[in-house]
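Here the structure is laid out as structure tokens; the discussion comes afterwards.
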Amino acid sequence: MHPQSQQDYVSISFAGQGCYNNNKKWRRQSWWRKWKQLSRLQRSLILFISVLLFICGIASYPTVTEQLRGKEHLPTHQETTFSKDWLEEVREAFRHAWKGYKDFAWGHDELRPMSKSYSEWFGLGLTLIDALDTMWIMELKEEFKEAKAWVAAELTFNKNVDVNLFESTIRILGGLLSTYHLTGDTLFLDKAKDIGFRLMPAFKTPSKIPYSDVNIGKGTAHPPRWTSDSTVAEVTSIQLEFRELSRLTQEPQYEAVVTDVMKQIHKLEGKLDGLVPMFINTNNGQFTHQGIYTLGARADSYYEYLLKQWIQGGKKENQLLEDYLQAIEGVKKNLLQKSSPNGLTFVGEVSHGQFSPKMDHLVCFLPGTLALGAHNGLPADHMDLAKELMETCYQMYVQMETGLSPEIVHFNMYQGSTRDIDVKLADRHNLLRPETVESLFYLYRFTKDHKYRNWGWEILQNFNKYTKVSSGGYTSINNVRDPDYPSPRDKMESFFLGETLKYLYLLFSDNSNLISLDKYVFNTEAHPLPIWLSTV
């Protein structure tokens, strides 16, 4: 409370006393006499109440202060002058990751950098294949040469092994097709034809919705042991690759099977304003577990591939465009909210009519996809939303103590919240994911706003600070809230080389013709495939 100024005092007459004297010394003596006239009990009670109010004031001070500070202290990027050295820093990060893979996991799926060993998923050299086009783009010629030699001499798909249709399509088929287009070397096309052919048994189902798993040696396919369902995102995010394989081989069956899937999804009931459930049954072709709608895991790339198929095919397939535009309106209507206290725009989830302020890091693909759509003539407000969501995804990094985003966040929506983002203990891991730097690449390409480069530079520095392993490689971590011990998980996902470092390199490159977005469309594993200009 502010002290009153002298002119606020007035002259008051009291019974038995003369006029009230406004002299400070007299006032002090007068109040002291009144205090002395109080009984001991009254004085004790006043002192007790005064002390109690003082203690309550101290206890509430941090909360009040935080509320007052609120928006003023939303973390912002450090102003940094762009340097071409940033490109070399990304190349150096790749070399360090590649060193770990080459030394301890050569020819295997993924590096375990802490234990200097490897893990197998399919036993097909996933990291190496995922990284082929990254090395070509970065002009890492020696590394590319030794990887190509392994593909030529060692890579075989004649193995009695179950592979996931989606993961092997986006990483292996997509990686081989992309590398063929960049290099012109038919070695990679021949390998792409081989794996594409071996994945086709997945589509032999009663509904034509593919099974999730294929044995590429035996030519058999099946759903997971625990269900007959497939994931919607998985069956609708293999189209770019199979369509391109048909175009290159002039064999229509590859495109036919994935087009059938899109046609079925288009006409299915169970959507919410264009938003799809997460699961679909391979026997009857119907959505299952209905009522849950998310742009995170199990649904995310369905929306991405609606737009990208339309672009890939020369913007002629209007059904794909209509489904995409309807879905974005569905996002705005049902999933978009703002956080408190700083009003960050975020994409939540709906479960049986109830909104949840949960957002996966995976959703950070959306700013880039929205920006790509706006670049291709879709409504300008898609770019506005892209910029808002890009800020939110950046805040998911900068508000964490390590400067790295957790896998999942929850946003506060209630007035009086002191921070926008909460992270549950089980969600604090970081898997070296690419979605945010992917969107930064798109936003910078289309706007040339240098803040997006600065944000990417901060993220790269924090990857180096908290996930780099001295003997080679990078590791995912368990706790982005603990900079002293982020708790390494001892795994380097193949997408760190295939996507994360590739998008950072393209973000920092001044050459906008390096994988021009008017000539190429990226699959969901960051493998660029050509736009079919001949169909325009």
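Every residue gets a Cβ built from N, Cα and C, even glycine.
The cysteine that TrEMBL pairs with Cys364 in a disulfide, picked from Cys56, Cys393, is Cys393. There are 24 other Cβ atoms within 10 Å of the Cβ belonging to Glu435 (active site). Taking all protein chains in view, 20 other C-beta atoms sit within 10 angstroms of the C-beta of Glu407 (active site, proton donor).
Of all the recorded positions listed (Glu167, Asp300, Cys364, Cys393, Thr524), Glu167 has the fewest other CB atoms within 10 A of its CB. Spatial neighbours are here defined as Cα atoms within 10 angstroms of one another, and by that definition the neighbours of Glu435 (active site) among the recorded positions Glu167, Asp300, Cys364, Cys393, Glu407 are Cys364, Cys393.
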